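**Student:** Here it is: the structure, laid out below.
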Amino acid sequence: MAASWHVPTWFHQSQAVLDKAYFTPQSEYYGVYQVEDVYEMWKNTLAYPASATVLSALVLSLQFISLAPPVKRLHAKLTKSEVSSRPGEDVEAVGADGQRPSHIARLGGPVIFAFKTARLLCTLALLALSIASLAVNGTDDSSEDSYNPRWIAFGIIGTYAYASLLTFIHAAFVLLVTWGVYVYRDLWPLATFTLQPVDADEGLFIWLKISLLTLAAVVIPLFCPRRYVPIDPKDPMPEPNPEQTASIFSMSIYTFLDGIIFKAYRMPHLPWEELPPLADYDYAKNLVKRSFPHLDPFKVFKKQHIFFGFMRVFRREYILLSILLLIRVAATFASPIGIYRLLDYLETDGENTVVRPWVWISWLFLGPLFGSMAIQYYVFNTTHMLVQTEAIITQLVFDHALRIRMKSDPSESPSASRATTAIHTPDNASIAEAAHGSQESSTASNGSEDETVRASNASTASAKAKKGKDSKKADEKPAAPGDGPAAGNLIGRINNLVTTDLSNLVDGRDFLFIVLYAPAQIIISVVFLYAILGWSAFMGMAAMILLFPVPGYVASIIQGVQKEKMKKTDARVQDVTETMSVIRMIKLFGWEPKVTDQLAKKREDELKYIRKYKILELVNGNVNYVIPIVTMVATFVTYTVIMGKELTASRVFSAMSAKVSLDRVTEFLHETELLDEFNEKDAASVEAVVPPRTTERDVIGIRDASFTWSNENDGSMTPGPNRRNFTLRIDDELVFKRGKVNLIVGPTGSGKTSLLMALLGELHYIPTGPDSYVSLPRAGGVAYAAQESWVQNETIRDNILFGAPYDEERYKKVIEQCALKRDLSLFDAGDKTEVGEKGLTLSGGQKVTIARITLARAVYSSAEILLLDDVLAALDVHTARWIVDKCFKGDLLRGRTVLLVTHNVAMASPIADFVVSLGTDGRIASQGTLSKVLAKDKKLSAELAEEREEMKKAEDQVDHVEPDDESAPKKSDGKLIVAEEIAEGHVSWPALRLYLSSMGGAHSFIFWLAVIGFLFVCEFMGIFQTYWLGFWAQQYEDHSQSDVNVAFYLSVYNGILLIGITMYCTSFLVYLYGALRASRSLHKTLLQSVLSATLRWLDKTPTSRIITRCTQDIQCVDGPLANTLGWVIELTVSMLMKFLAVVSFSPVFTIPGAIVAAVGGWCGQIYMKAQLSVKREQSNARAPVLGHFGAAIAGLTSIRAYGAQDQFRKESYRRIDRYVRAGRTFYNLNRWVSVRIEALGALFAACLAAYLVYGSHARAASTGFSLNMAVGFSGMILWWIRILNEFEVNGNSLERIQQYVTIEQEPKPTSDGIPPAYWPASGSLRVEKLSARYTPDGPRVLHEISFDVKAGERVGIVGRTGSGKSSLTLALLRLIFTEGKVYYDGIATDSVNLDALRSHITIIPQVPELLSGTLRQNLDPFSQYDDAVLNDALRAAGLFSLQSETDEGRITLDSPISSGGSNLSVGQRQILALARAIVRQSKLLILDEATSAIDYETDTVIQTSLRQELGKDVTILTIAHRLQTIMDADKILVLDAGHIAEFGSPSELLKNEKGMLRALVDESGDKDALYAMANAAASAN
């Protein structure tokens, strides 16, 4: 009866058939063959090789026919494809190096040739043996094979002859069939008690034949390397990947990885260069060729879900995977069958047994081994596809991003689908946005709330509505007609697609397990149970079917929670991304504590859903655990259906979240608004009415057309005070002059940038007449310099060259004409200096360089047409004049067409050949020569006169340096970005301790005791349960059935189960709360650490790296890390208990068990060492892919203007290839260890079985129990090592977080550092011997400066570039290392907490940073003030004096601001920053003047506000670039090389004839006015 706990097999059933039909004694067998002749021959198994030969010959001839040129041409004609050559054909004809290869090389090289020669010798030997055996033995007509034996003998000889002739191509198949026939006839009988080999009478010949056949048909094909066939014959690999040439044997147990594994084991860290080369089918360019025809919406013309595209791309792989899974299912039953048969043998003492027990023992070894090979090859293929999918999706999203219009996310619901928002439009009104009604209060605390999965109340109703719409929840309210989503952070959203969503797709790749593996297992299980238990099995089946909806129901709840969790994660990721991109501003304003709290709230929301998700997973796990138990109880059986442990929650739900992510990628590809040139496939209907845009003309111009920032902006919105919806209208014809300089002028917000964008095709084109056109000839090339300078994370030289070849003479000219000579001399490494992502270089003054790098890139390019957007704006007057004189009038721009947008008409007027003036309504006010435009436009001519005045004043620019003055020594390699650290070896203990202690919280010991203690009890119950079943079964051997008390045994059994489940749940819940505690604590620690990092550290660390830590790595801690640690603990306890159980029954197995564990551990150790190196390389190769991705998205307009899309694609390919090379190796190493350890485990179980059958005399029940534990133990070794390794690999994220927890920090807040509540009561400032440096050991940038400023004074700070003006502001805010004392309102600033100090000083930087969201959220991010205060501040800052109440483009508190403030002009941003300062009511205001970037009117408004609207006790420090803004100040501080040159009131300083200020004023072109200002200020005071 004990046998009934395991399952019989189809083998057992078929045994009877074999016994009856084939293996009956030969004398009885003979009469079977009285059948028609045509069937007679097939009764003889020796006829099969001959038929295989005929089949092979047929296939071969078909192959030859298909290669014939006429057939190829016919095929090409039918399929409308080109006549293709066979892969590798060209290379065969002419080798990769252009030489004709030798015969051996054509056959695959000397090694393959040697193997094939060996096979030839074997087949010749077999041919000789067959002829000899025919000659010696003759043919015995009385034998069993009597039908025409001579023909059959000739058939075998013919087979060998054929195989000898074709030994270099088709022989393997024929020989394998022959080998199979002989195994069946002569080897199988040896494994039975009842049969004899059929060909035994051949004597020695037959064993020689079988040995040679095994060598030729099995050994040689298994061990012969495969020939390398390149994907593209014209471009073969110089060194193929070992995987492409590995033999079948090597592929099945991954010996081709031995080299890399042992190399990694010997080295402390394996560098990327040492990894195996990339296989050519993994190169990004080849992946794109293969996949884009099925995925790219521009190649697949019907709209389809991307899932179906992927199924087409990987169709062959999925067929192979299905076959492998079915093999695995069959192999899974090997152990139960083997154990069942052995127990049967032991119970019956071998009576009536046909198959020898050693067969079943080897079955215990070979079954799991083949199963392991199948599943490992399955995983090998899925991980290969996974890495390829990552590469394909990254490139697909990248390619598609190159086509999208830079505007907001797709609209959400029909009512909200009318208008959407621009992201990158520097003109203030050039955006089509949807402001929400001001009467509705904002429900979200931050505009960047939810980037990726939004469901506005209006569209929640539709379930399909939003699987994953990427939109913003800035002010989520029911959408009113005409509402649309606010401007989204497009970069964040697209980055989300290639990070979070990609990892979800990766997790969901195993859907075949659900659709194929589980059903196949269930079916086989039920069949087996029926064979043992008869109809009672169907009772269990019925119970299972009744309970089946339960997991489905739980799954649907989990899917809902998963979606909500994704939303919350996205909201946090979006906030973190936004925070990190404006982290400098957060530090300047002392907002760190508030930002931390704000992010902590988002984190709590996310953790709430993670907790729900985990608890539901536990419920699901228990349901899946209980269903089989109920099944057993229903049938009173003792064997569980295997399904319970196979269909794990992670498989089901990862498939679900993958679906959500796939939906989002699909939606991005189909729903995002594209540029017009890509939308034209849908534009046929429009073209019938209006002409298409024509670009064939040679003119640069526009006629009768309107342009909007969104193609949904068709004027159907209700106009009103809240609409900011810009349309550029060209009513007649506007044609720019070729080969000349064309100026585009107009007030802020009139659409100057929009005009350039319209020409570039970035705007939506609406023709208004039959002869409308927009034309920008691209044949000679177009270059573009954006107003928001865009640079890549490369050296300055690479940024200027932008992929063009380096021409030294031209390059030097560009450097000189763009006034970069002096700037480069200030950098240690000249033009080899790296520029950070946002142009963050070394000091504030040098940021201006970035604008000129953008200009230099355009000038250096060979483009005939240059579109320059306000390039003079960021420059001081001297540099601007230099650029006008040397660059615009220079030889490099001569004869090229320049379209220059500028505010500075006076400066640019000497070079203007043609001028276009735009009005505030987005129409052309006038066009023509400068004099003609001025005559027509009185306002412009008045402005020009004012600007000429300004220029005169600006001659007194203080920090002016001659642009070509080179004076600094060059030193280092200019690396700004520090290479990412790669930790070596295992996960460090500090990183692990950080996590484990966070989990335990205040009571670590009690926490861990509970987790492990409850698990021990649970595992003990599991083992006791198995033992109890055996004990119960044994009662039937010892007593009659009626004496066995079923109810008693059953209730004990159920009690055991119940205790086990309860203990497990308790342990799980304790652990879950610990994991959540750790997640919360690590996130908080990491954020606090980064937010309190020094400015220097932030400057040299790319934002993308910080964001990766806060998103990917934190996500890893939330999920994989917590899960894997839990599994490691669970498996360790389980294995320990199982091993003790085996040893307690068979003590002799202590040593083998220990050896198996030791060898397994050694394998695991070797593997982990290699794995960790490769994983780290993989992580580090991923960041550059995302970095390049982000940089490209940020500069889309520039990339498209230059037509540099291909160049960026190629760079993207290069980086993806680098990532794929590491990724492939990483996943393959896993296969290496898995196969080895599964083989070890199977060997252990087989050895134990052999011992129990042949060496011990244990009872069947005890033997069954021991074997069960041993199989369980050996199956776990692999999992334990795998999970432990996975934990170490995920620990990589811990390490990366730990790295950023231990960075250089600013001083932490203390209770002593909290200033008195009244502080500061005034703005008085006293500085004593203040010195400062950027690094603790760097040179001083300020040298013991002292000065005193009374409350309410206006102080101007002047000095040449590099004199320390920016450093002084940083020092006052303690953002750099300082010595000396600064007293602010009588309290030393170094005794005050940093956040208190910075929140009481407001700085207005040159280019203020803004958050994406509404204007209200920018002025008051933490909702501390009401609207009245905010509106007063805007009025005081002068915003309302720049716009009228009725102005359609009016900015209000509800106006959306794009990320960084890119939809506002620099002037508007300065006004908003000033308003923010007024709201904060700081007593000390530091203004880093940026008036050069602002038009005259805005400048006047700001100056007036500064003088009149601030409180009388507010001290203002102005870092001035022009003297007239500070000549009426109370005092002027003149800096020179970090020292104070002079300090006093302007009138006093002007009396000093040798003074620096006097010298500066005397040099100025507007000397008299400046003296007059100073004297007027003195008399007023």
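Every residue gets a Cβ built from N, Cα and C, even glycine.
Nobody curates TrEMBL annotations by hand; they come from automatic prediction.
For reference, TrEMBL lists these features for the protein:
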type: TRANSMEM; residues: 46-68; note: transmembrane segment
type: TRANSMEM; residues: 151-184; note: transmembrane segment
type: TRANSMEM; residues: 204-224; note: transmembrane segment
type: TRANSMEM; residues: 318-340; note: transmembrane segment
type: DOMAIN; residues: 319-658; note: domain 'ABC transmembrane type-1'
type: REGION; residues: 433-486; note: region 'Disordered'
type: COMPBIAS; residues: 438-447; note: compositional bias 'Polar residues'
type: TRANSMEM; residues: 511-532; note: transmembrane segment
type: TRANSMEM; residues: 538-558; note: transmembrane segment
type: DOMAIN; residues: 702-946; note: domain 'ABC transporter'
type: REGION; residues: 951-971; note: region 'Disordered'
type: TRANSMEM; residues: 1005-1028; note: transmembrane segment
type: DOMAIN; residues: 1009-1279; note: domain 'ABC transmembrane type-1'
type: TRANSMEM; residues: 1048-1074; note: transmembrane segment
type: TRANSMEM; residues: 1139-1162; note: transmembrane segment
type: TRANSMEM; residues: 1182-1202; note: transmembrane segment
type: TRANSMEM; residues: 1233-1254; note: transmembrane segment
type: TRANSMEM; residues: 1260-1281; note: transmembrane segment
type: DOMAIN; residues: 1325-1562; note: domain 'ABC transporter'
**Student:** In the same chain, who gets a Cβ under 8 Å from the transmembrane segment (1233-1254) while lying at least 6 residues past its ends?
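**Tutor:** For the transmembrane segment (1233-1254), the list is 252-254, 335, 338-339, 342, 345-346, 357-358, 360-362, 364-369, 371-373, 376, 379, 1142, 1146, 1148-1149, 1152-1153, 1156, 1159-1160, 1163-1164, 1167, 1263, 1266-1267, 1270-1271, 1273-1278, 1281-1282, 1285.
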**Student:** Would you confirm whether the transmembrane segment (1260-1281) and the transmembrane segment (204-224) meet the contact rule of 3 or more C-beta pairs below 8 angstroms, pairs 6 or more apart in sequence?
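**Tutor:** They do not touch: fewer than three Cβ pairs between the two stretches lie under 8 Å.
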**Student:** Please indicate, using numbers and ranges, the residues of the same chain that are 6 or more beyond the transmembrane segment (1139-1162) and have a C-beta under 8 Å from a C-beta there.
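**Tutor:** Residues packing against the transmembrane segment (1139-1162) from afar: 1023, 1027, 1237, 1240-1241, 1243-1244, 1247-1248, 1251-1252, 1256, 1258, 1262, 1265-1266, 1269-1270, 1273-1274, 1277-1278, 1281.
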**Student:** Using a Cβ cut-off of under 8 Å, list the residues of the same chain at least 6 residues beyond the transmembrane segment (204-224) that approach it.
**Tutor:** 112, 115-116, 118-119, 122-123, 125-126, 129-130, 132-133, 136-137, 163, 171-172, 175-176, 178-179, 182-183, 186-187, 197, 247-250
**Student:** What residues in the same chain, six or more past the boundaries of the transmembrane segment (1048-1074), come closer than 8 Å to it by Cβ-Cβ distance?
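**Tutor:** For the transmembrane segment (1048-1074), the nonlocal Cβ contacts are 611, 614-615, 618, 622, 625-626, 629, 633, 636, 999-1001, 1007, 1010-1015, 1017-1018, 1021-1022, 1024-1025, 1028-1029, 1032, 1035, 1126, 1129.
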